[in-house]
Amino acid sequence: MRCTILTLFPEFFDSPLDAGLMGKARESGLIDVALVNPRAYTTDRHSTVDDRPYGGGPGMVMRVEPWEKALQGIEEPGRILMMAPKGRPFTQAMARELAQEESLTILCGRYEGFDARLEEIYPIEAVSMGDFVLNGGETAALAVLEAVSRLVPGFMGKEESGTEESFSAGLLEYPHYTRPEDYAGHVVPEVLRSGDHGRIAAWRKECSLRLTLSQRPDILPEAQLDEADMDFLRGLSRNRPGRNLYCALVHYPVVLKEKNSGATSLTNLDIHDIGRSSCTYGLGGFYVTTPLEDQRRLLDTLLRHWTLGPGSRSNPDRAEALGRIKGVDDVRAAIEDIARRTGQVPYVVGTSAKGAGNATPASVRAMLEERPVLLVFGTGHGLAPEVLEGCDAILRPLRWMDGYNHLSVRAAAAIIMDRLLGDCY
């Protein structure tokens, strides 16, 4: 594979390209790396490669001319990557994809980045190493080059080395041990000394699963899992922020069809479905709020039937879900009940299909790490203004990019729970 790196600081790569396996791969001709400095393609005596941005603002911007001329000088550029924070996240899957290419070209940005016209002239793919900022693209380019090169056949020597490491199957790698067998009382696990390859493979897989759940649960949804893996993961203890999440279905005050505030009647489907969703996602509780006595009696009758009466015997799963439901007069009563149960006053997060909101699923997950969160859902045409005004935050609406986002409250509740907690939290 041939890789051409365009950089203002070619000396940055001197040591890394000569060290270890990369140095051996270059010596053998397996990997060919060319360093091109765009300053060589400037025409002024100062070798200027940047200039002030149009429209004002801080910093300098890379000029088009020297970079375009440098690209023109590459006989076979192959895919052209630009290391930039705005780019597509670099992953192991992308590394495998790029390892199939015969040629790659990597542009290392500096300052405020490139004149955008360079991307109009060439089919450049912006690639990011993560949500952080570096002084330039050289460090990122080196990471890409190494990740891709080690997947080229022959680079690693033993091919399994590249396929058994972290992320190869969407999981973190298992721990490694070497001699001595006992170091200051820290002993190598017996299974690794047993010589039983089947037990060793099973132990390593379980370690990978355990580490991934503990350290990177966010990558589990895309991991390669079989049914045995899923059974093993279910049996592990884990952080359960969902237990810190509560929801309330508000029937007063809500917006009515006439746009005034008032009360709505309880709906059997809403209670059942949100109750089942709350149980599925492991919420701490589900409150149904209504100050109307006849509606409270109706709720009590329904809950008794499913949790204590004939319904509990015919459908134990439904009994478990509806057993988490509690009727209260209003949102304030739900807040007070959560405070009594947990010793902490919850954050109150409202929901609405209108407006921009000021909270996202990620920010609500962060709240869950601090103290309980009460999600508030409105019936009718949504929560009344006075309820929303009393919330600590309001979630951004679902499907806000499209013109139609008229979901039933039970559908919205299920979607929001899934976005907050997914399969692993």
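One-based numbering along the chain as shown.
Every residue, even glycine, has its Cβ placed from backbone N, Cα and C.
Per Swiss-Prot, the candidate among G109, G154 that belongs to the S-adenosyl-L-methionine site alongside M129, G130, D131, F132, V133, L134 is G109. In three-state terms derived from DSSP, G109 (S-adenosyl-L-methionine binding site) belongs to neither a helical nor a strand segment and is classed as coil.
Using a 10 Å Cβ-Cβ cutoff, F132 (S-adenosyl-L-methionine binding site) registers 7 neighbours.
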